[in-house]
Structure formats: C-alpha cells, structure tokens
Amino acid sequence: MAAESAPVGVFDSGVGGLSVLREIRARLPAESLLYVADNAHVPYGEKSAEYIRERCERIGDFLLERGAKALVLACNTATAAAAAELRERYPQVPLVAMEPAVKPAAAATRNGRVGVLATTGTLKSARFAALLDRFASDVQVFTQPCPGLVERIEAGDLHGARTRALLERLLGPILEQGCDTLILGCTHYPFVKPLLAELIPADIAVIDTGAAVARQLERVLSTRALLASGQAAAPRFWTSALPEEMERILPILWGSQESVGKLDV
C-alpha cells in the first residue's frame, strides 16, 4: 500500500471523537479512517494521567499495527495527559491532538467573559492552565466541570429529560456570570449542541475544535505528501467495551450502521 493510501487512526475515550471523525470525513473524504473508542475505560476525565497515558500508548500501538499513517488524538483529556509522550513514542508519525478552543474564544468574546465546559481532568491539567496564560490573560474565564455528561452522551441520550436537567444545572453558573462565549472542551459535547441551543441565549457563541482539527490534519498530511486521493475505504471501528453497544449508538452519532470490532488491549 502506498503511504498516502494508508488510513488515518483516530481514537478517544469513547464515542465523543466521532464528532471529530465527522469533521475529518467532511473535509478529507478521500481518507480511509480507523476509529477506536476506549469505552471500557470512559470517562478519561476522572482517571489519573498515568492511567490515560498507558491506555493511549496501547491504542496508538494497535492503530499503527493496522497501518495508520497518522494519529488523531480526539480527546481533550488524553491530549493534556499523553500528547507529549505519544510524540516521543512515535517520532515519525504525524500526531494531531485536541485542546480547548481558548484562543478563538478569547478573540470572539465581546464582553470579555468566556465559559468553559470540560472534564475535571482537562480543567486541572497544566496544558489547560498554559492555554489560559497564553491566550486568555485579557478575558475572564469561568470553568465548569461536567461530571456525568459524557456518560449521558455515551448512552445516546442527546435530548432526554435527564440530559436536559444535567445541562441546565451545569450551565447555570456560566449563565449567571454573563458569559457571551462558550467553549465545548470535550469532543463528546458537540453532540448536545442542539439541546444547548434550547438552553442558552441565541447570542452566545458556542465554540468547539473539531473542524480546526480536520484542517490541521489536512495541513500535516499535505506537508508530508500523505494526502490520499481517489476512493476511501469504508471506515473501521473498534471498542474496548461491548461491540453491540457501540453498534447501537453509531447510527445516532455517526449516521450509519457499522460493524464494530472488539479491542483487546
């Protein structure tokens, strides 16, 4: 297989990274895609950095063994915990990682008040603190950890009463602070954008990084002459949890029925 025809490997703690996978498919339709959901260990946001690094190394090895030409770490928490180590582990492999959209949010806010929804792990990370120091010194940032929200999305409950009640409670402090810009600091959260739109004023800008990651992947592949052309192979999916559970959720979050393999690492 020519290097440019090799697939791109994408992984996340669960199904949240499918929001990034959708953006990659839309921008780079010729790329063949591999996706790993580490659902048996979700959410990463409540795990130790060492634990997350070990999981990311195992999954990275798995995807490279299946011919991935590049890796996309489609998880903010995993990026904070493991991106630097993965780049050292795979020095020849392009790695695109996630981080909360602090820079574009700081540029977009009109009143200087920005809210952040993210996992505890992301909000406590040195990487997030560095982003605030670098890009948000002139704005006020109000952070809100979101325990339980990833689990609701993993269950496919994007519009139900329990998810609505949880989001209302999580959004309360941010709305009270008068934020006019909201960062979705977890790849799971774009799936509840329609529900968010019902719960916040229409003039609040909601920012996530999925499209930016797809653009960065395009730049990285182009620089290394690895952009695919022609017909992409069908995407392949694996989960560390029950394949039938992910097969149930894929039509909701990905838009089509797919077969899912079992990840045993």
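Each residue, glycine too, has its Cβ placed from N, Cα and C.
Copied over from Swiss-Prot, here are the features:
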- CYS75: active site, proton donor/acceptor (ACT_SITE)
- CYS186: active site, proton donor/acceptor (ACT_SITE)
- ASP12, SER13, TYR44, GLY45, ASN76, THR77, THR187, HIS188: substrate binding site (BINDING)
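Feature map: annotations from Swiss-Prot on the structure.
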| residue | record | DSSP (3 states) |
| --- | --- | --- |
| ASP12 | substrate binding site | strand |
| TYR44 | substrate binding site | helix |
| CYS75 | active site, proton donor/acceptor | coil |
| CYS186 | active site, proton donor/acceptor | coil |
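Counting Cβ atoms from all protein chains shown, CYS75 (active site, proton donor/acceptor) has 34 others lying within 10 Å of its own Cβ. Once the Cα atoms of ASP12, SER13, TYR44, GLY45, ASN76, THR77, THR187, HIS188, the listed binders of substrate, are compared pairwise, the greatest separation found is 12 Å.
The two recorded residues, TYR44 (substrate binding site) and CYS186 (active site, proton donor/acceptor), have Cα atoms 11 Å apart. Residues near CYS186 (active site, proton donor/acceptor) in space but far in sequence (CB under 8 A, at least 6 apart, same chain), listed by position: GLY16, GLY45, CYS75, ASN76, THR77, LEU117, ALA118, THR119, THR122, CYS146, LEU149, VAL150.
A sphere of 10 angstroms centred on the C-beta of SER13 (substrate binding site) encloses 34 other C-beta atoms. Sitting within 8 Å of the Cβ centre of ASP12, SER13, TYR44, GLY45, ASN76, THR77, THR187, HIS188, and not among those site residues for substrate, are the Cβ atoms of GLY14, GLY16, GLY17, VAL42, PRO43, CYS75, ALA78, THR119, GLY121, THR122, VAL150, CYS186.
Compared over the binding-site residues ASN76, THR187, the count of CB atoms lying within 10 A of a residue's CB peaks at ASN76. For the binding-site residues listed here (TYR44, THR77), the lowest count of other CB atoms within 10 A around the CB belongs to TYR44. If you count neighbouring Cβ atoms within 10 Å for each of the binding-site residues ASP12, GLY45, the highest count belongs to ASP12.
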